[in-house]
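Structure record follows, encoded as structure tokens.
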Amino acid sequence: MLMVSRLKDLTIITNRLRHYFRNMDAKELQPPSSVRGMQELQKEQFRKSVQVPRLQVPESQVQRVMPLVKKFLLKMEHLHPVRAVDKSREILLHPTPVKHWESLPTEELQRQEVTVENFSFAELELSYENWSANEILKSVLPTEEEGLTSYSRIGHIAHLNLRDHLLPYKQLIGQVLRDKLPNCRTVVNKASTIDNTYRNFQLELICGDAEYQVETKENGVPFEFDFSKVYWNPRLSTEHERIVKMLKSVDVLYDVFAGVGPFSVPAAKKRCHVLANDLNPESFKWLQHNAKRNKCVPNIQMFNKDGRQFIVEELREDLLKRLRTTDTTTYAIHITMNLPAMAVEFLDAFRGLYSAEDLAQLPENVCYPTVHVYSFAKGENTKELVRQLVESNLGASLDDNLLQGINFVRNVAPNKDMYRVSFKLSLNLLTTLKEVEITRKRYAEEELEVATKVKCV
């Protein structure tokens with residue numbers, strides 16, 4: 001009964017740990033405490049001698065022993081847990097679960113002729129190469145401040161957005177990431193907020209080569225672009241995929257702020273009919289390049305215009321033709337507006353896009369487009385705030401007939417969230433100028449202001 005109970009406990013432990021123990025939870029496996037606060041990388045300061053448990057077994061027994069101790073192996077970078085020692089093999093074990101011989105499944109090991117005589121502690125020399133980037137940075141950066149929580153990988157580039165307290169460590173952070181991340185040649189920091197016309201990041205090179213033309217894949221689709229001249233955020237890959245999965249091969253996509261094509265190119269590859277637009281000449285160039293590279297040019301028309309101009313010219317003409325000449329119940333029409341800092345400001349372009357006469361002869365069951373507009377909201381109850389932003393700029397209430405959903409996309413900063421608001425355009429929105437709604441709203445606000453002043457008096 002004792003042996004059964006012990007085996008059961010061991011099974012629970014190993015199942016919980018699954019593959020291996022975290023090294024930073026074992027004090028002996030942490031980098032030396034003296035590296036804390038280091039701002040200029042000195043790799044030799046990470047050298048450390050530690051004692052770790054081991055099994056030393058004849059070479060002929062290794063294959064039978066390994067399944068019994070696999071869960072306890074010491075896993076570190078550039079370290080082989082099984083090493084040749086003379087004509088035997090040394091199996092290095094993690095010091096957290098293995099404190100002594102009894103920590104191991106001794107009965108099973110003894111059946112393989114492995115006893116306490118095969119168990120001992122060995123001296124192991126650790127160095128900078130044995131720790132991951134996360135482990136190195138965790139041991140160096142100040143404990144009282146938030147560490148490097150995340151970074152983006154775009155091809156061979158690691159893109160950081162360092163908070164002020166980490167700027168003194170930026171050279172060290174850059175070198176560690178370049179050393180440790182596979183195929184990383186360039187590390188850059190976001191130098192300022194995105195406030196230019198073309199919405200691309202202002203970059204500061206902190207380590208590596210000033211080479212910004214990258215090749216990357218998103219959801220299996222290859223893209224190429226100059227990261228220093230266009231906007232690309234790999235954290236939006238799930239959102240791009242979510243929208244593209246909504247589309248069927250017969251559907252239509254109008255992409256108002258297309259960038260280099262994360263919505264448009266996958267949609268065109270699905271044989272959707274796509275009209276894609278971006279104001280940035282560099283984005284437009286790479287949009288064309290990516291469409292050609294993915295062999296979907298026949299399914300996509302590309303424009304280099306202001307978003308509003310694209311809506312009132314290209315989108316208006318193409319949509320009107322479709323509403324008049326096709327059965328819109330057999331396919332869906334989507335409009336993506338992914339420029340979250342200001343996309344809502346373009347919503348009024350849909351108000352009065354057509355005259356009543358333009359849409360007078362349409363079938364009763366005509367299906368109008370679904371708009372997916374992205375926006376930031378900062379503060380508390382951001383979901384309600386973003387709804388108000390959309391309604392204010394659209395000049396209409398998103399009632400149950402229009403609103404398709406308000407979907408959280410990601411947290412951008414403390415108390416700042418990004419949302420996608422999806423709503424249906426309607427005959428009323430497309431044929432009524434927003435100014436009518438604005439006038440009514442302004443009149444109501446003025447009446448309220450007068451009433452408030454009277455009350456105060």
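Glycine too: its Cβ is placed from the backbone N, Cα and C atoms.
Remember, it's a predicted structure, so these values are computed and weren't measured experimentally.
Annotation source TrEMBL lists S-adenosyl-L-methionine binding site at HIS240, ASP278, LEU279, ASP306, GLY307, ASN338. What TrEMBL lists as domain 'SAM-dependent methyltransferase TRM5/TYW2-type' is 151-427.
Here the features listed in TrEMBL are painted onto the structure.
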residue : record                               : Cβ within 10 Å
HIS240  : S-adenosyl-L-methionine binding site : 23
ASP278  : S-adenosyl-L-methionine binding site : 31
LEU279  : S-adenosyl-L-methionine binding site : 21
ASP306  : S-adenosyl-L-methionine binding site : 16
GLY307  : S-adenosyl-L-methionine binding site : 21
ASN338  : S-adenosyl-L-methionine binding site : 25
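Model confidence over the domain 'SAM-dependent methyltransferase TRM5/TYW2-type' (151-427) stands at 94, taken as the mean pLDDT rounded to a whole number.
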